[in-house]
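Enquirer: There's a structure below that I have some questions on.
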Amino acid sequence: YVAAVYEHESILSPTPAALVERRSALELMGRNLDVYEQQVLAAARQGAQIIVFPEDGIHGFNFTRSSIYPYLDFVPHSRSGKWNPCREPYLFNDTEVVQRLSCMALKNKIFLVANLGTKQPCERTDPRCPSDGRYQFNTNVALAADGTLLATYRKHNLYFEYAFDTPPEPDYTFFDTPFAGKFGMFTCFDILFFEPAVNLIRQYNLKQIVYPTAWMNQLPLLSAVEFQQAFATAFNVNILAANIHHPTLGMTGSGIYTPVKSFIYHNMESYGGKLIVAEIPVISADYRTNLEKTPGRVSEKGKEQSPPSFYAEMMYDNFTFVPVWGEKGELQVCANTLCCYLNYQRAVLTDELYALGVFDGLHTVHGTYYVQACALVKCGGLSFSTCGQEVTDATALIDFQLWGNMSTPYIFPLLLTSGITLDFADHMGWKNNYYFLSKNRTSSGLLTAALYGRWYEKD
């Protein structure tokens, strides 16, 4: 099928904390919706059957609970009944945004997924009802090609979003399409947690995901395109990921991903939006996933003396590293219960320092979650203290085999090359309780090769 995602440079309110009338909120959102309209038309002309827009693309961010109120639509959250906002605008008040989205879908005969803020009144008798008498949700809507509202999803894992409430229960949201079957739906930070993302995919055996996001890149392990690709690979799904485009805030990185191929956009230099359109195969539901134990080959570990280990901060976590010296070798580094192993061979010795790092513990900055990671990274400079820094360019071509005795089945294989481009492993999977990743000759200089494990039970 043909899919489209749009990386949108949103027109933002200069004063998001100021209280405004609904009229001026609609005026600002209308300017973003004008851009959406052009992009839906462009995507439809290129044969796209579905288009996905980013999180916060219509209203922006940095609101307070009260300042966002005029920007919120009322969207009924239920699977019951069919509502076509374009054809039946009179059914509910305050639905201007969802009406426009519905009309874009209808006019261009395309499935459309977008993110907006929604409100829902609640009863004083509801113990969870906020004191202002309403819930405010960060919401995705999916609209059919005839404009019908198919599904809504309310973001569960909020990322410092004080304007929004967490829904009382996680939404497991998916919708059906004639061209690719069921699509699951979640938002941004959700991708790092079991609920609802992983549970949704496993419960309903989903193979297509739509993913609006407003992701701030964090190298070396959590750049948007890097993790989106790893997720598609780990769960054997297609992901249509639309990110916001604000390079000054570190926000860029969208793509259409299959487990073995990707069409990505990562641009920290220039401004303006970007439409990606690609044709991808529908994944059949019986294909084996990476989470199953598949045999692979792991060579015997040498008994050579490892170089000295050292500590450095990476992604706000205290990693234990060993330097990767010389043109070839075998290394191991351990922390808590996790040991990471590396066999490597460099094509040419360059004056770049690489290190093999391990972390097995609770990550506590910008969210709390348990990580088990084995990572081969290029350091920022030639001293040990630079290992773990954000690096975007590299020249070293390294053949490697990386493996670890991971305690969780949820391993995201990261492989990032110079200029924030993606590469794909030759082999990956389980062998005898070790997860391994191997690659001969990356397409360009190696930035990061990592096994990023999420041990959800220990969150």
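Quick reminder: no glycine exception, Cβ is built from N, Cα and C everywhere.
Where the annotation comes from TrEMBL, it is an automatic prediction and has not been curated.
Sequence annotations record features per position, and here TrEMBL assigns domain 'CN hydrolase' to 15-282. The feature active site, proton acceptor is assigned by TrEMBL to Glu55. TrEMBL lists Lys155 with the feature active site, proton donor. The feature active site, nucleophile is assigned by TrEMBL to Cys188.
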Enquirer: With every protein chain in view, how many other Cβ atoms are within 10 Å of the Cβ of Cys188 (active site, nucleophile)?
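Expert: Its Cβ has 26 other Cβ atoms within 10 Å.
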Enquirer: Counting across all protein chains present, how many other Cβ atoms fall within 10 Å of the Cβ of the residue listed as 'active site, proton acceptor'?
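Expert: By my count, 27.
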Enquirer: Round to the nearest Å and give the CA-to-CA distance linking Lys155 (active site, proton donor) with Cys188 (active site, nucleophile).
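Expert: About 8 Å separate the Cα atoms of these two residues.
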Enquirer: Do you know offhand how many angstrom separate Cys188 (active site, nucleophile) and Glu55 (active site, proton acceptor) by C-alpha?
Expert: 7
Enquirer: What mean pLDDT score does the domain 'CN hydrolase' (15-282) have in the model?
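Expert: Here the predicted model's pLDDT, averaged over the domain 'CN hydrolase' (15-282), is 97.
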